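Here the structure is laid out as structure tokens; the discussion comes afterwards.
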Amino acid sequence: MFSSFRNIVKRTKSLSSLESKIIILFENSCKASFLAGNIGDGSDATKMSVEPELETEWESLLEPFDLTKLRESRIRITPVQLCKLLELPLDVPTLSEIFDRVGGQKGYCHTFDVYYVFINKLGTVGQFKVIDKLLMQMKEEGIVFQESIFMIIMKHYGKAGQPGQAIRLLLDMRAVYLCEPTFKSYNVVLEILVTGNCPQVATNVFYDMLSKGVSPTVFTFGIVMKALCMVNEVDSACSLLRDMTKHGCVPNSIVYQTLIHALSQKNQVSEALKLLEEMFVMGCMPDVQTFNDVIHGLCKVNKIHDATKLVDRMLLRGFNPDNMTYGFLLHGLCRIGKLNEARTIFKKIPCPNNAILNTLINGYVMSGQLKEAQNFLNETMINFGFQPDIFTYNILMHGLCKEGSLSFARDLVNEMSRRGCEPNVITYAILVDGLCKAGLLEEAGLVLHEMSTRGLTINSVIYNCLICALCRNEKVHVALNLLSEMCTKGCKPDLFTYNSLIYGLCKVDRIDEAFRLFHNMLLDGAVANNVTYNTLIHALLRRGAFQKALTLVNDMLFRGCTLDKITYNGLIKAFCKVGNVEKGLELYEQMIMDGLGADTISCNIMINGLCKVGKVDRAFEFLRDAINRGFVPDIVTYNSVLNGLCKVGRIKEALNLFDRLQVEGVRPDAFTYNTFISWHCKEGMVNDACLFFYRGIENGFVPTTSFRILVLSDSFLTPSKFGEAWAMAFYSEEEKTEDYLFKIVLIGDSAVGKSNLLARFARDEFYPNSKSTIGVEFQTQKMEINGKEIKAQIWDTAGQERFRAVTSAYYRGAVGALLVYDISRRQTFDSIGRWLNELHTHSDMNVVTILVGNKSDLKDAREVPTAEGKSLAEAQGLFFIETSALDSSNVTNAFQTVVKEIYNILSRKVMISQELKKQDVSWMENGKTTVVIQGEDQVEGEPKKGIRSSNATVV
């Protein structure tokens, strides 16, 4: 249009057809106006009918409006024409020049529309300073402000990520420009704040809106509720729902969906369900995503039955559940081990995708049913044409590594390549982690080499696995070299990396280096956590550097870390160890005041510390107070008290307490017997010590090496009693008359009747009010098979989850197992897969196992059919029997079946071994007991077990 329009057109590379039409309309209007000599708005001018479509014709159209000619002419531009001109895709300097030149025309004033168009154009390119000047210019020119111009500026602030400027403009509307904001302006600002992640400010703006008397709309309430939910004030958002009617607003679907989503995320699923019902009552229609939110929330809190019913209700109301719906439901069922139900629902899904299939496969893997996962995978590949993806393989890889099948995990990597699914970094990370946890660092190194040949880069997760394993094995120097390599290759160490190295350095007593690394970690920007500080504090306390430890505690608090139970227990133990029990008590009380609550470890440390310094009565007072606070003492607690009583010469009181404990069901352990026998010997009461020893043997006590050393090194023993103590300590354990000793474990969920089965078998007793086993207990029972006397050492393991880490070590060496479930409790039967996985993880895969359905006397309450138990036993290769500890039916048969099968396997192995004397295996026929254990070697084609006598191992 002006002199530089030719250049402007050349600079404008591409315009849409709409923009071209705008230009043409403007040109036609202007040309007609100029030709007619009309200085008005051009409404009476003749219109040109030609509308060229080619971009090359723009120059000829703009030719009459040369800028130089315009400067020299007196032709006037009207506001309407200027608005059209400002809407052209021209650069800001050119538009500014046009705006100023037209505004300089004599007798001309810019209208509100001109300012609106120009400010909108400036806002798109972020020229907010120019906009502020234009607003002040409008005010000076006396133009009446309209709300729309402020709203468009606010929106541009929002797009530019400047929500604070939007609020400033909202306040200036009233104070500076005398334009009263309505709900429209407030809604724009509220949306900007929520979108810009400023929810707290949004609520403040809302309350300011109410205080100014501006009535909110449904949209206002919806956006403010979303803001409240973003800051976890879901209850306030729900209260706001009830306030809507006071302002004449009726909630819509968006309002309900916002609240239902937030409530489900916060696990307030009962309230979410109520709102879902209210939606229907209010005539608001939810969508599938709303149902999915509630179903997800129900599954998170293990209300799977309610979630299943909600899916059924969806179908009744005409909604079609999608893969997300079924995915949440299957994941919830798999998490609680209800895989059969998950499998049933899976069959109802019209078109399951890979995510659904992987969810079910992951459920099998997490429950230890890897074989079932593989079978399901093969079935879906055949029936659905499902091709496993990288997620499928990574799930299987995790399952194989979890159960220790590392060779199969290596094979799976090769299979992935054969099937065209190349392993990724996560695949190798899982494999490396499994190898490192198994201590196979050399094999892990080979895997890393394979990664490099495939062009994959080692990430921080893999480096952390290697560093952690090296530090556990005290190869800290190698771990530090790996840290240097990690940094060289651009892989930034994280908190886990530093914590592993600090732990490794402290473990080998290189504390100074650990602190140097700690300071480097802080300089590197990593934030130390409780694990970091507790590792260093405990290392200092082991050295006796109390002052440094306390200084580090202060630093820990200064940097925002709160003391946890591990910190307090370490400090209490350290002070008690040096006899400063008063300081220990002070810390214990401080821990209670901090709201942590004392645990068993804390109380036991304190009681042991008090007893060690001879303050037994004070220990009893402490114990009473702890029990009143909810503490449940265990045998470790009482061992400290018993030892303290004996230490101050109150052995009789200790014996009375010992008898009382047995009546109350607290079973003594090896330390209990060691304590009494040792103190009796020190007091010269060797006969009483011997009687106590034999009493312990009758109750299943097995003398430990430390016990024998304790007894034999006792300086109070007279020469005449030395031989008796020697016989008691050594021959009582090793000079047995039986030919074989088999270790058998009783496993299964809590309260399935394991202890009563053992009591019925070993002592023909039954305890109606039997308490849950604490940790591990065992009994022995002798029987004769084919002229050989066999002693079964039967270990009763605790079924509760909290004892799992304690009991896992007792699986080692087991050659037989009774896996018990309660026929009247389905969940105990569903846990069998997990128990089998745990058994095979900590013992040999070929342990002779019988599946026992206990409490067969409860026929009316039966939840697990006999046929289902038999079917599972056959599938897993187990023996099967149903028993009743109450009426003793089949109890003896169950144990004898396991013992006989072990003996038969042993007999076959002996025959094979006799035929393979060339292997230079020596036999020791000394008449001593033969103990069957898990062997290191293996005869081809035979189960991996061995026979260990007192002097040799024969495979």
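Note that Cβ sites are derived from N, Cα and C of the backbone, with glycine treated the same way.
As annotated by TrEMBL, repeat 'PPR' applies to 217-251 (among others). The average pLDDT for the repeat 'PPR' (217-251) in the predicted structure is 91.
TrEMBL lists 252-286 (among others) with the feature repeat 'PPR'. DSSP places the residues of the repeat 'PPR' (252-286) in helix, strand and coil in these numbers: 26 helix, 0 strand, 9 coil.
Among the features that TrEMBL reports, repeat 'PPR' is placed at 287-321 (among others).
Only residues 6 or more beyond the boundaries of the repeat 'PPR' (353-388), in the same chain, are considered here, and those with a CB under 8 A from a CB of the stretch are 323, 326-327, 330-331, 333-335, 337, 339, 342-343, 346, 395-396, 398-400, 402-403, 405, 419, 421, 833-834, 836-838. Marked as repeat 'PPR' by TrEMBL: 353-388 (among others).
Marked as repeat 'PPR' by TrEMBL: 389-423 (among others). Beyond the ends of the repeat 'PPR' (389-423), by six or more residues, the same chain brings 354-355, 357-358, 361-362, 364-366, 368, 370, 373-374, 377, 430-431, 433-435, 437-438, 440, 443, 447, 450, 454, 837, 840-841 to within a C-beta distance below 8 angstroms of the stretch.
The repeat 'PPR' annotation in TrEMBL covers 424-458 (among others). Residue counts for the repeat 'PPR' (424-458) under DSSP, split into helix (H, G, I), strand (E, B) and coil, are 26 helix, 0 strand, 9 coil.
Annotation comment: TrEMBL describes 459-493 (among others) as repeat 'PPR'. Proximity of distant same-chain residues to the repeat 'PPR' (459-493), defined by a Cβ-Cβ separation under 8 Å and at least 6 residues beyond the stretch ends, is recorded for 425, 428-429, 432-433, 436-437, 439, 441, 444, 448, 500-501, 503-505, 507-508, 510, 524, 526.
Residues or ranges marked as repeat 'PPR' in TrEMBL: 529-563 (among others). When Cβ-Cβ distances below 8 Å are used as the criterion, the repeat 'PPR' (529-563) is approached by residues 495, 498-499, 502-503, 506, 509, 511, 514-515, 518, 521, 570-571, 573-575, 578, 591, 594 of the same chain, each at least six residues removed from its ends.
The repeat 'PPR' feature in TrEMBL is assigned to 564-598 (among others). Secondary structure of the repeat 'PPR' (564-598) per DSSP, as helix, strand and coil residue counts: 26 helix, 0 strand, 9 coil.
Beyond the repeat 'PPR' (599-633), the same-chain residues lying 6 or more positions past its ends with a Cβ under 8 Å from any Cβ of the stretch are 565, 568-569, 572-573, 575-577, 579, 581, 584-585, 588, 591-592, 640-641, 643-645, 647-648, 650, 666. Look at TrEMBL and you will find 599-633 (among others) tagged as repeat 'PPR'.
Taken from TrEMBL, the feature repeat 'PPR' covers 634-668 (among others).
Among the features that TrEMBL reports, repeat 'PPR' is placed at 669-703 (among others).
For 936-955, the entry in TrEMBL reads region 'Disordered'.
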Spatial neighbours of the repeat 'PPR' (424-458) not adjacent in sequence (6+ beyond its ends, CB under 8 Å) are 390, 393-394, 397-398, 400-402, 404, 406, 409-410, 413, 416, 465-466, 468-470, 473, 489, 491
DSSP puts the residues of the repeat 'PPR' (389-423) at 26 helix, 0 strand, 9 coil
Secondary structure split (DSSP) over the repeat 'PPR' (459-493) reads 26 helix, 0 strand, 9 coil
Across the repeat 'PPR' (353-388), DSSP labelling yields 27 helix, 0 strand, 9 coil
Taking DSSP H, G, I as helix and E, B as strand, the repeat 'PPR' (217-251) contains 27 helix, 0 strand, 8 coil
